[in-house]
Amino acid sequence: MAERGARLLFFFASLIVLRFGGADKGSGIRGFTPFRFSVEPVDTLAVRGLPAVLNCSAASNALVRVEWKKDGTFLNLVADDRKRQLADGSLLISTVVHSKHNKPDEGVYQCVATIDNLGTISSRTARLTVAGTKTKPLRFINCVLSLLYEI
Ligand SMILES: *[C@@H]1O[C@H](CO)[C@@H](O)[C@H](O)[C@H]1NC(C)=O
């Protein structure tokens, strides 16, 4: 009887060790927070008057705050009604503005992700270039067409 009792005790003790051992390993994995960018912005050619998106997404099981820098300065998206951040962290410019003397969107963008009490990571930088628009050739063609109609 005593031997059987000892075996039972050993059996339960083993179960407890296995359980706690397993749980420890599990929580060890859960406690580790991988923090990296799953998507980083790439050089983008935008068109004046159209929307443009700079993609950025940080992978982590913790709460990540994403912010954007343009030409080294943090963007204040609250004060900018043409730019907003999508749920995954990407930056959406609703209408790209670009004229001879006003080029507010062209520049070098960078995505910055922060986990409170852990740290901050910065993405690669991406240049947004605004393509020359087709308005001038179109205007030229329209002009030629209107002349042809008058003949
Ligand atoms: C940005 O992400 C969207 C959605 O995943 C995708 O459709 C688009 O092609 C991406 N754009 C660039 C420039 O990578």
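Each Cβ is built from the backbone N, Cα and C atoms, and glycine gets one as well.
If you look up TrEMBL, you'll see 34-129 marked as domain 'Ig-like'. Annotation comment: TrEMBL describes 1-23 as signal peptide.
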Reported mean pLDDT - the domain 'Ig-like' (34-129): 96
Summary of DSSP states over the domain 'Ig-like' (34-129), given as helix, strand and coil counts: 3 helix, 48 strand, 45 coil
